[in-house]
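Taken from TrEMBL as is:
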type     : residues         : note
ACT_SITE : E161             : active site, proton donor
ACT_SITE : E318             : active site, nucleophile
BINDING  : R122, N160, W326 : substrate binding site
DOMAIN   : 25-395           : domain 'Glycoside hydrolase family 42 N-terminal'
DOMAIN   : 407-610          : domain 'Beta-galactosidase trimerisation'
DOMAIN   : 622-676          : domain 'Beta-galactosidase C-terminal'
Amino acid sequence: MNADRHRWVRWPSGPGRARLGFGADYNPEQWPREVWDEDMRAMRAGGVNIVSLAIFSWARIQPSEDVWDFDWLDEAMDLLHAHGIAVDLATATASPPPWLSAKHPEILPVDRNGHTVWPGARQHWRPTSPVFREHALRLARALAERYGGHPALAAWHISNELGCHNVYDFSDDAAAAFRAWLRARYGTLDELNRAWATSFWSQRYSDWSQILPPRTAASYPNPTQQLDFKRFSSDALKDHLRAERDVLRALTPDVPVTTNFMVMGETKGMDYADWAGEVDFVSNDHYLLTGPQAQDELSFSANLTGSLAGGRPWYLMEHSTSAVNWQPVNLAKRPGGMARDSLTHVGYGADAVCFFQWRQSAGGAEKYHSAMVPHAGVDSDVFRSVAGLGATLAALAPVAGTRRLRAPVAIAFDWDSWWAGELDSHPTSLLRYRQEALDWYTTFLDAGVRADVVDVDDDLSGYRLLVAPILHVVPAALARRLEGYVASGGHLVTTYFSGIVDEDDHVWLGGYPGALRDLLGIRIEEFGPLPDGEAVDLDLGVTGTLWTDRIDVTDPATEVVATYKTGDHAGRPAVTTRRTGAGSASYVSTRLGPEGLGAVLPHLLDVAEVSSELPPEARGLVDVAVRTDGTDDYWFLINRTDRRVDLSAIPGDPLHGPALAADTTLAARQVRVLRRPRA
Ligand code: GAL
């Protein structure tokens with residue numbers, strides 16, 4: 001993002017008072033009025049200083065087209081303000097009320113099979129519906145006019161998780177908007193026909209009106225059409241974000257605007273690198289997933305969110321105190337888990353830690369989702385740990401406003417490669433872009449080496465080592481940038497299925513990895529994907545899965561770092577490094593997973609002259625996130641293991657941690673925050 005645009009929450013008591021935000025989505029409309037007073041007491045006891053209000057309140061605020069009911073919201077705003085709690089006020093447009101969808105069924109999304117997505121849950125609106133847009137902007141305007149001057153108002157919260165349920169809409173509105181988007185991108189039908197390679201399968205268009213979204217077809221829809229539809233769908237939601245934002249900015253130019261992103265897991269419909277510049281500060285929602293890399297995935301997501309925010313603070317809008325309700329089995333967090341998750345986000349730049357939601361609902365679809373106040377009430381372990389976290393965040397006020405300290409290593413993330421790399425009719429359907437990126441991240445955590453997860457379009461020049469996993473889409477300009485990075489002494493690492501296509505999803509001819517072939521000093525004629533469950537051995541003593549390549553070395557400066565021992569390519573290179581000038585370009589041709597990558601990493605670190613900042617006994621045991629105010633650095637040491645970790649060799653002034661200075665060990669799930677003067 002353009003970091004100059006950054007404008008943080010407007011705390012009601014005036015700017016300059018450094019603090020970390022702490023709170024939740026607050027849904028008072030679900031409760032009788034007397035509960036609100038209890039809420040205020042408990043919020044204060046828990047250290048809550050900000051809440052998001054009115055996220056799903058459209059039907060309550062506007063019970064019918066020309067009837068408005070603001071009384072309850074006036075009262076909630078006043079009450080919160082009287083208790084010193086700031087409000088991130090939603091535009092309330094996330095879920096249209098029944099009267100609107102009944103009167104205007106043309107706002108309802110349509111799936112790829114032509115079926116209507118009916119109301120009854122939430123977010124049943126087409127991002128491109130002019131009718132929905134008109135009603136949503138009317139509501140946003142009404143809220144801005146009424147509450148723009150309210151002293152509790154700290155920020156605007158546009159909609160909610162834009163695209164959570166409605167990113168892909170195949171309706172006629174979407175078709176018309178898609179055509180307009182394509183006209184803007186390609187200018188002429190000839191150019192579209194070229195980009196979409198429509199000479200294949202007799203798909204040539206002779207009129208714009210013939211073009212449709214990739215609805216269910218007889219076989220694989222045109223891949224460039226699919227990729228463009230993904231780009232368009234992200235843009236359509238971004239357009240909605242901008243439309244609401246512009247209404248708010250016109251009426252309340254001093255109030256910062258945000259919307260909650262979903263940088264987590266396999267949520268991939270929205271290109272947040274492209275969206276980040278549209279908001280005054282970046283917000284994210286993250287829920288802990290399950291599996292052996294769950295904690296690393298949280299760290300990865302927080303880290304990437306920090307990059308989207310340009311290294312500036314960002315707002316954790318939602319996570320959970322304990323279980324969620326939408327996984328196959330919803331596990332409660334173990335003691336210490338909630339604080340550890342929260343502080344990991346803070347370490348990676350969050351200046352506000354908020355939850356879905358304040359009080360656990362008694363009815364509705366999310367009644368089994370945890371909250372700050374559980375069904376058991378405030379006399380509960382969950383609420384006691386919430387209050388403990390509130391106190392911790394108050395003690396961590398010195399980190400508020402500090403920036404990320406750049407790591408020596410970057411992992412480049414690219415939405416286009418995520419989208420295009422996982423399209424159908426490919427060498428394998430088993431490839432998972434984000435998983436490969438996460439495996440690299442885990443590998444760096446295991447080695448105790450800090451790595452920033454960055455957008456591929458960010459300035460990469462300061463990183464000694466740059467890993468670009470499955471960088472599938474490489475337009476010519478990106479190939480030039482990467483060549484420039486290596487020429488100026490950078491050390492690039494990429495993997496299987498990288499450099500294969502340009503921005504139109506057309507293969508770079510002459511042998512793989514196409515756009516990166518010369519830089520890597522290798523050539524591949526045919527891909528060698530592996531069936532599920534099959535593995536090949538490498539001479540490093542590790543195994544590869546998913547993919548292999550039959551590599552020919554084409555440059556004498558390319559060194560073979562590892563060789564296949566088994567499989568069709570036995571005896572041939574599996575991992576290579578080409579040194580050129582002060583830089584290098586390495587290629588990993590198979591999926592090694594964190595364990596296998598761990599065997600290759602020492603070589604890559606060696607070539608790039610990168611080493612861990614941690615003492616040997618702590619490497620791999622703690623996740624280290626570092627923030628800085630330029631004078632002091634703040635080290636967040638997060639225990640990633642289930643055992644006690646000795647941190648006595650890492651000195652510093654403890655801002656948070658077990659018994660502060662007295663104990664230099666960290667128990668499972670504990671976090672220590674140290675203030676250390678800049679070296
Ligand atoms: C988010 C959403 C919240 C709540 C939460 C449950 O997707 O913004 O409203 O549904 O998930 O985990």
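Residue numbering: from 1, along the chain as shown.
Cβ coordinates are placed from backbone N, Cα and C, and glycine is handled just like the others.
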Quiz item: By a simple count, how many Cβ atoms lie within 10 Å of the Cβ of R122 (substrate binding site), its own Cβ left out?
Solution: 17
Quiz item: Those recorded positions, R122, N160, E161: which ones have a Cβ sitting under 6 Å from ligand 1?
Solution: N160, E161
Quiz item: Can you check what DSSP calls E318 (active site, nucleophile), collapsed to helix, strand or coil?
Solution: strand
Exercise. Measure the Cβ-based neighbour count of E318 (active site, nucleophile), defined as the other Cβ atoms within 10 Å of its Cβ.
Key: 22
Quiz item: Given the recorded positions N160, E161, W326, which one has the fewest other C-beta atoms within 10 angstroms of its C-beta?
Solution: W326
Exercise. By DSSP assignment, list the helix, strand and coil residue numbers for the domain 'Beta-galactosidase C-terminal' (622-676), in that order.
Key: 3 helix, 29 strand, 23 coil
Self-check item: substrate site, defined by R122, N160, W326: further same-chain residues with Cβ within 8 Å of the Cβ centre
Solution: A94, A121, Q123, E161, C164, H165, E366
Practice problem: Express in Å, rounded to the nearest integer, the largest CA to CA distance found among the substrate-binding residues R122, N160, W326 named in the record. | Solution: 17
Practice problem: Take the C-alpha atoms of E318 (active site, nucleophile) and W326 (substrate binding site) and report the distance between them in angstrom, rounded. | Solution: 15
Exercise. Kindly state the mean pLDDT of the domain 'Beta-galactosidase trimerisation' (407-610) in the predicted structure.
Key: 98
Practice problem: Would you kindly give the Cα-Cα distance separating E161 (active site, proton donor) and R122 (substrate binding site), rounded to the nearest Å? | Solution: 11
Practice problem: Whole-number Å only: compute the distance from the Cα of E161 (active site, proton donor) to the Cα of W326 (substrate binding site). | Solution: 16
